[in-house]
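Asks: Please see the structure below; I have some questions.
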Amino acid sequence: MALPALGPALPEIILAIGAITMVLIGAIQGERATRMLEGIALALFALALVLVLSGEGKLVTFNGGFIADGFARFMKVLTLLGAAGAILLSADALRRAGSMRFEFPILIVLATVGMMMMISANDLISLYVGLELQSLALYVVAAFDRDNTRSTEAGLKYFVLGALSSGMLLYGASLVYGFTGTVTFPGIAAATQGGHAGLGLIFGIVFIAAGVAFKISAVPFHMWTPDVYEGAPTPVAAFFASAPKMAAMAMVVRVFVGAFPGAIHDWQQIIIFISIASMALGAFAAIGQSNIKRLLAYSSIANMGYALVGLATGTAGGVQGVMVYMAIYLATTLGAFACVLMMRRDGQPVEDINELAGLSRTNPWMAFALSMMMFSLAGIPPLAGFWAKFYVFLAAIDAKLYTLAVVGVVTSVVGAYYYLRLVKVIYFDEAKPAFEKADLGVRAVLLVCALFVLALSLLPAPLFNSAAAAAKSLF
């Protein structure tokens with residue numbers, strides 16, 4: 001039997017070999033190797049990024065189980081940038097908290113390999129393998145600060161619910177295989193081409209939807225998100241909110257658009273329900289939050305709801321909207337978490353929103369950057385977040401999903417309240433003592449994210465055009 005072509009999977013292979021090498025270095029040198037391993041992880045991400053960007057066309061390998069196309073490349077770039085941002089945010093913060101160990105960068109690299117496999121999965125088996133590789137690393141990362149009860153609780157909750165969702169996904173996959181006779185996405189698409197899926201297949205789609213909804217923390221599978229974001233160390237929460245969300249959303253799009261295009265009328269109802277529920281719960285639940293990490297958790301749930309509006313259309317324009325939304329969400333979320341990491345006083349992190357009072361007078365640059373992230377998340381024009389929402393709502397209107405678009409606009413208005421409340425605290429409340437000087441890595445991430453949001457606000461066309469070209473590879 002001929003060996004499969006390894007070229008399309010070269011970025012993943014290099015990351016996997018790099019992770020094994022990092023384990024050996026860590027085992028020999030111990031904690032002394034931590035800084036070096038962080039550098040190696042960043043170098044691996046940079047190399048993988050170059051290899052991903054150098055790819056072209058649509059390449060399928062590993063007996064049809066792995067695909068490298070424009071959509072995969074776009075989402076892998078976002079995933080790698082999110083993972084690199086997480087390493088930069090975590091290095092000094094975890095070290096200062098006394099919870100940094102050499103395993104952390106290794107786990108981030110291993111999780112990233114799993115995420116990239118999820119993005120390129122072209123059948124249900126490789127999808128599950130990638131998902132589990134990512135999940136097993138994330139279970140450990142969530143409970144990384146093992147001396148902290150909140151962190152351990154966060155890890156345990158994520159593990160129990162994650163195992164449940166993986167089981168549901170597997171059960172759904174087995175039903176789909178049973179009723180179509182194949183696990184490959186093109187094979188499933190051919191089997192469901194008639195337009196009406198049988199009842200057994202619809203049950204399979206429902207279970208798969210439940211399994212993947214957990215990974216993007218969409219309602220009603222969102223319960224773990226606020227607890228994990230609040231309980232896990234802040235750099236870990238930043239990682240959870242960024243790279244895994246990119247991979248999970250790519251996986252959701254690939255499964256529904258790639259494997260079930262003929263059954264769109266069956267799964268569209270599920271996605272519309274999940275989208276509306278996520279937007280509504282995220283918007284209303286965040287109003288009463290006083291902890292900024294919990295607020296960002298509910299904001300993340302709402303944002304996944306907005307992104308799903310694009311998927312619900314089942315069109316190339318909708319998928320383009322999802323990709324643009326996720327790119328802008330990545331920058332604003334990493335920027336917001338960088339600001340949370342800068343909230344330190346007397347050597348301790350502070351997470352209460354009222355601690356930001358008068359920040360505009362004690363740290364004007366951080367106040368401006370955080371306010372810009374909040375305005376962007378709220379979708380205030382002309383910032384990048386406005387264009388993100390504009391494109392998904394436009395796709396919904398083009399697909400005649402008027403109710404979905406109206407609900408999206410209404411929940412955006414509700415959501416604007418808690419984002420603008422933060423801006424009001426920063427600029428108009430009586431000033432609290434200044435925060436300590438932030439680490440270089442955190443400031444660098446915030447600067448890059450702020451520049452990205454500003455650049456997209458002024459010149460959004462390049463991102464839209466590259467997303468449009470990538471979305472076409474799915475159709």
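A Cβ is built for glycine as well, from the same backbone N, Cα and C atoms used for every other residue.
TrEMBL: automatically predicted annotations, no manual curation.
Annotation source TrEMBL lists transmembrane segment at 6-28, 40-59, 71-90, 125-144, 156-177, 197-214, 246-264, 270-288, 295-316, 364-387, 399-420, 440-459 (among others). According to TrEMBL, the domain 'NADH:quinone oxidoreductase/Mrp antiporter transmembrane' annotation covers 121-414.
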Asks: Under an 8 Å Cβ to Cβ limit, what residues of the same chain, 6 or more beyond the ends of the transmembrane segment (364-387), are close to it?
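Replies: Contacts of the transmembrane segment (364-387) (Cβ under 8 Å, skipping residues fewer than 6 from its ends): 299, 303, 324, 328, 331-332, 335-336, 339, 342, 356, 412, 415-416, 419-420, 422-423, 426-427, 435, 438, 446-447, 449-450, 452-454, 456-458, 460, 464.
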Asks: Could you pull out which residues elsewhere in the chain have a CB under 8 Å from any CB of the transmembrane segment (156-177), counting only those six or more residues past its ends?
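Replies: Those are 124, 127-128, 131-132, 135, 138-139, 142-143, 183, 188, 200-201, 203-215, 221, 223-224, 227-228, 259, in sequence order.
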Asks: Are the transmembrane segment (125-144) and the transmembrane segment (440-459) close enough that 3 or more Cβ pairs fall under 8 Å, when only pairs 6 or more apart in sequence count?
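Replies: Result for the transmembrane segment (440-459) with the transmembrane segment (125-144) is no.
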Asks: Residues sitting near the transmembrane segment (40-59): Cβ under 8 Å, six or more positions beyond its termini, same chain?
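Replies: Apart from its flanks, the transmembrane segment (40-59) reaches 5, 7-8, 10-12, 14-15, 18-19, 21-22, 25, 67-70, 73, 76-77, 80-81, 83-84, 87-88, 105-106, 108-109, 112, 116, 473.
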Asks: Do any residues, 6 or more residues outside the transmembrane segment (71-90), come within under 8 Å Cβ-to-Cβ of it, and if so which ones?
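Replies: Tertiary neighbours of the transmembrane segment (71-90) are 11, 38, 41-42, 45-46, 48-49, 52-53, 55, 100, 104-105, 108-109, 111-112, 115-116, 119-120, 233, 235-236, 238-239, 242-243, 245-247, 249-250, 253-254, 319, 323, 326-327, 330, 334, 337-338, 341, 441-442, 444-445, 449, 466-467, 470-471, 473-474.
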